[in-house]
Amino acid sequence: VCTWPTPRPSGPARWPSPGCEARGPPRGPPGSSVAPSPSRRSSSSFRSGWTRGDPTAVERANLLNMAKLSIKGLIESALSFGRTLDSDYPPLQQFFVVMEHCLKHGLKVRKSFLSYNKTIWGPLELVEKLYPEAEEIGASVRDLPGLKTPLGRARAWLRLALMQKKMADYLRCLIIQRDLLSEFYEYHALMMEEEGAVIVGLLVGLNVIDANLCVKGEDLDSQVGVIDFSMYLKNEEDIGNKERNVQIAAILDQKNYVEELNRQLNSTVSSLHSRVDSLEKSNTKLIEELAIAKNNIIKLQEENHQLRSENKLILMKTQQHLEVTKVDVETELQTYKHSRQGLDEMYNEARRQLRDESQLRQEVENELAVQVSMKHEIELAMKLLEKDIHEKQDTLIGLRQQLEEVKAINIEMYQKLQGSEDGLKEKSEIIAQLEEKTNKITAAMRQLEQRLQQAEKAQMEAEDEDKKYLQECQSKSDNLQKQISQKEKQLVQLETDLKIEKEWRQTLQEDLQKEKDALSHLRNETQQIISLKKEFLNIQDENQQLKKIYHEQEQALQELGNKLNKEATHCKLCEKEFSLSKRKHHCRNCGEIFCNACSDNELPLPSSPKPVRVCDSCHALLIQRCSSNLP
């Protein structure tokens, strides 16, 4: 940065800022007078405490104007360039030089053991304490192996802050803390005055720019911070060439963008093809599984119908068997009643005979009293038997009701029912035994009639028979109780079988519901496949349209290349004239025309995967980019 104060007569002009070089004052085109810029005029409104003779105020004003020019030129060129900026971009390099001079202005000299130290790395280190997010930048700058001086670290810090788009925020935090800055800067320094706040406000506009800077490969320690004013002087020819270069760069960018978009669309189309194939395969598999499930459901329904028909047949057979057994029991009861009437008549006759003989023998009367008591006991036993028969009838009625409720019994239940039939047969056998015993009782009564004549002998025999009869009745009652308990156990087993059948039905219903859900899911997937097919057709149409646009742009590029061939007469690098021996060659990266010696390089580009012809400058630039992108 340089200042232009009024020259003194004693000697040449002094430059107040050390380490600053100038290539001359800014000159306009020939025939034009240099007028003060409006930015310099506007800066006078907030410079309250300086006079025209104060050199530090002049330095601050010049630095502010240079910062405005560099930031404005960088934003305009970056927007017209339309790409991410590299470290070789000249306006960006000039911006870093201007920022370095702005930060160096008014620095205090610090004494060390060996020499005097004056660097901008000290105040930039403060940003880590004031802004916690800046710790990452400081750590990464310290970890860089190639940086040995504090100035190199400060330059790397500025580049990383620009890539993060937070340079304005970091410097704003630094400017607010003037007490901390006073340790590093003089009171008249640019960072301590209002000009520093204006520069920080201008830095906010740099958030529009995308920069991709390689800090590792650059030699930041030994760079010379010289401001080049020539890039800010514009001629009409330069403007025309720049506009032409901008147009060519825009066309090439559009071509590269269309090619990349075409590749992406081809990849999406191939992925959609594979996805459609996989969906079709899964759809066929699901259809096969659905057909198998339907066949299984049909088989289960047929088995269920067969089981129901078998259960109905079993119920009919059991009902018929129960009716037959009921008729048999009724006939047995009638025969029992007839036998009882006959016994009553015989008893009455015996009683008459006893009354007739009572007068003859009192002892026989006593024996007859004993016989009467025996008869009462026999009647009680008969009543007990009648109660047991009624209870059996009640149990039979309950069994019938339960059998009516049971409508879905398996083949296993048929075997259990056969066991119940065996029990009924046993009961019929027991009833037959009871009939035999009643016959024995009638025989015993006849024996009593015969033994009445021989009372003494008959008494002893009757007592023995009574004892035997009581034992038999007790054994019969015990057998009946055991049979009742067995029937109850059979009933419990039948109830458990019924519960199992109900659970099996519930599982069948759940399986049917799951199959229905699977069917609905398959339908949804088929609808998704149809929608995907529609999207695929739309993408194919878009792909065809993009191909048409690509062909049109290629034709435009060919026409533009033909025009350039006609206009170009000299090589752009070596500036040698083209002839029959020196032929024209196009650079596939920048589009300019070169001779064979200046474009004898081949590299793959984003527009073509195969290696194509590239000029020497583009070759060096592309190799540098590749090396910077490598880890």
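Any Cβ shown, glycine's included, is placed from N, Cα and C.
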Discussion item. Suppose you had to name the range TrEMBL annotates as coiled coil; which of 276-310, 591-625 would you pick?
Written reply: 276-310
Worksheet item: So what pLDDT does the domain 'RUN' (86-218) average out to?
Response: 84
Response to the item:
What DSSP reports for the domain 'RUN' (86-218) is 84 helix, 7 strand, 42 coil
